[in-house]
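First comes the structure, then the notes that go with it.
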Amino acid sequence: MTKFVFVTGGVVSSIGKGIVAASLGRLLKSRNYSVSILKLDPYINVDPGTMSPFQHGEVFVTEDGAETDLDLGHYERFTDTSMSRLNSVTTGSIYQAVINKERRGAYMGGTVQVIPHITNEIKERIHRVAKNTNPDVVITEIGGTVGDIESLPFLEAIRQFRKDVGRNNVVYMHVTLIPWIPAAREMKTKPTQHSVKELRSIGIQPDVLVCRCDRPLKEGMKEKLSEFCDVPVESVITAQDASSIYEVPLIVEREGLAQQTLALLNLEPRQPNLTDWQTLVQRMQTPQRQIEIALVGKYVQLSDAYLSVVESLVHGGIAVNSEVKLNWVNAEDIEQYGAEKFLKDVSGILVPGGFGIRGVDGKVQAIQYARQQKIPFLGLCLGMQCAVIEWARNIARLERSNSAEFDPETPNPVINLLPEQEDVVDLGGTMRLGLYACRLSPDTLASSLYPQEVIYERHRHRYEFNNAYRSLLIETGYVVSGTSPDGRLVEIIELPGHPFFIATQFHPEFQSRPNSPHPLFLGFVKAAVDHYSTCLTEDEECEEVKE
């Protein structure tokens, strides 16, 4: 029978519930337990697909085309398991489903209420994940903070869950903050006590406390938390701040998180195999060099807007024993001050996805600079479209060339709306979303990076390269190195003769893993290391000449 772990958070938001859930998933998987992780988000949006990146951060796309919370990216990267639309649930999607059932007469004329109709729908979504893949353990993260009014239906649903499936089949895990007060020079447990009190008032007694803190939690403090929160002292887990999220599984493993969880669920306490993960962390902590890569975007004020891109660069760096230092460049600043001011000392330039015209000219200038200065370049989604615009304007000399998204009146729409998007009215969930096949052309950079001829990548876009300009693109030196299997959609372009210049319509960042970096990111970081080494050698030669 599938077991269930529910992860709640208290005291403050952004406490790290997603990383705790993902870390527990990693630890259970290292013991050969199968795991699926579910996120319950309390906002009323049906999904985050139409939300501003500044408010929500990255929209993570699953293989089956769901637009989900960025925590699903953590789940996939830590457990190396692909999630689906079943693993992301919002208040909006719950209410939408219940209202649709009411309209169909499914409730036989009854009064539709939060209890039992909303809570039953929430429980059904959790059971659906268990039925779909039949994992040993389903870990469910409840978004928000205990005490928020928005989370109450979810908390009531998980309270009922233990009664429904049996006491020994459910663990309640509460992630909380133990702050250090500089003036008093001590850590304080009172916020956690009040958070647990709030949780108890709903009817949930936590079985495990995961305590976020910036220094070790002393045994006396654990005993105090145990006494006041009615949690066994061995189930009070220290989750001390780490330099990298990939250290967290090892930290909580030493604290006995997985061991306590398995004991509470009456599961066999198997020995973990964390050798690969320990090696990964060790390589991260002892890089041979540091390279600087510029990320030229329009949402750079919030790094979470590009979370999977950032993590994919980290993965590539680990593989080549390098620390990737990110230079966050606002594309609008390039429009104002020029590309050289921000990009002259970097070893690689990455232009990620995005929507809307703001900052596009700055991205185009950054790509031109990468092309002319022979700096390794990787473009993703909008990054590829901007690379096409840069080609059209500066190489093909096509008058007022642009994307139809940014200038519907352009005489040269080198990027155009996908035909199937022409009659689409709604914004949410209507793009080209999810996993699609791409056929690679032989003897290209793309084919040298990937081990197979046909690849499968995740997409999120409405616009595509306009095939009316494909012949001209090729005639002027570019290569179309990846297309849809029918040859219609251009998926990858590259520039021969350049150290590394490649751009994709898809989002490779969604499939990178810490122990298995995505081929494009690995190739890009390797090229950046080569560029760094070349520049370093040239600088040393210049110094010798001066001497």
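For all residues, glycine too, the Cβ spot is worked out from N, Cα and C.
Database features (Swiss-Prot):
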REGION    1-267  region 'Amidoligase domain'
BINDING   Ser13, Asp148, Ile149, Glu150, Lys188, Thr189, Lys190, Pro191, Thr192, Gln193, Lys224  CTP binding site
BINDING   Ser13, Lys188, Thr189, Lys190, Pro191, Thr192, Gln193, Lys224  UTP binding site
BINDING   Ser14, Ile15, Gly16, Lys17, Gly18, Ile19, Asp71  ATP binding site
BINDING   Asp71, Glu141  Mg(2+) binding site
DOMAIN    292-534  domain 'Glutamine amidotransferase type-1'
BINDING   Gly354, Leu382, Gly383, Met384, Gln385, Glu405, Arg462  L-glutamine binding site
ACT_SITE  His507  active site
ACT_SITE  Glu509  active site
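Structure coloured by features recorded in Swiss-Prot.
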residue	record	contacts (Cβ under 8 Å, 6+ apart)
Ile15	ATP binding site	Gly9, Thr145, Val175, Thr176, Leu177, Arg212
Gly16	ATP binding site	Gly9, Val175, Arg212, Ala239, Val248
Gly18	ATP binding site	Lys39, Leu70, Asp71, His74, Tyr75, Glu141
Thr192	CTP binding site	Gly10, Val11, Thr176, Leu177, Ile178, Leu209, Cys211, Leu225, Cys229
Gln193	UTP binding site	Leu225, Phe228, Cys229
Lys224	CTP binding site	Thr189
Met384	L-glutamine binding site	Phe465, Ile492, Ile493, Ala503, Thr504, Gln505
Glu405	L-glutamine binding site	Phe355, Gly356, Ile357, Ile415, Leu417, Arg462, Tyr463
His507	active site	Val61, Ser308, Gly353, Leu380, Cys381, Glu457, Arg458, His459, Arg460
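Per-residue pLDDT, averaged over the domain 'Glutamine amidotransferase type-1' (292-534), rounds to 94. Among the record's CTP binders, Ser13, Asp148, Ile149, Glu150, Lys188, Thr189, Lys190, Pro191, Thr192, Gln193, Lys224, no two C-alpha atoms are more than 31 Å apart, and one pair sits at exactly that spread.
Every protein chain shown contributes to the tally, and the Cβ of Ile19 (ATP binding site) ends up with 22 other Cβ atoms within 10 Å. Residues listed for ATP, Ser14, Ile15, Gly16, Lys17, Gly18, Ile19, Asp71, cover a largest CA to CA span of 13 Å. Glu509 (active site) and Gly354 (L-glutamine binding site) are 14 Å apart (CA-CA, integer value). Using Cα positions, the member of the recorded positions Lys188, Pro191, Leu382, Gln385, Glu509 nearest to Ile19 (ATP binding site) is identified as Glu509. Under the DSSP three-state reduction, Gly354 (L-glutamine binding site) is assigned to coil, being neither helix nor strand. Classification of Glu141 (Mg(2+) binding site) by DSSP places it within a strand.
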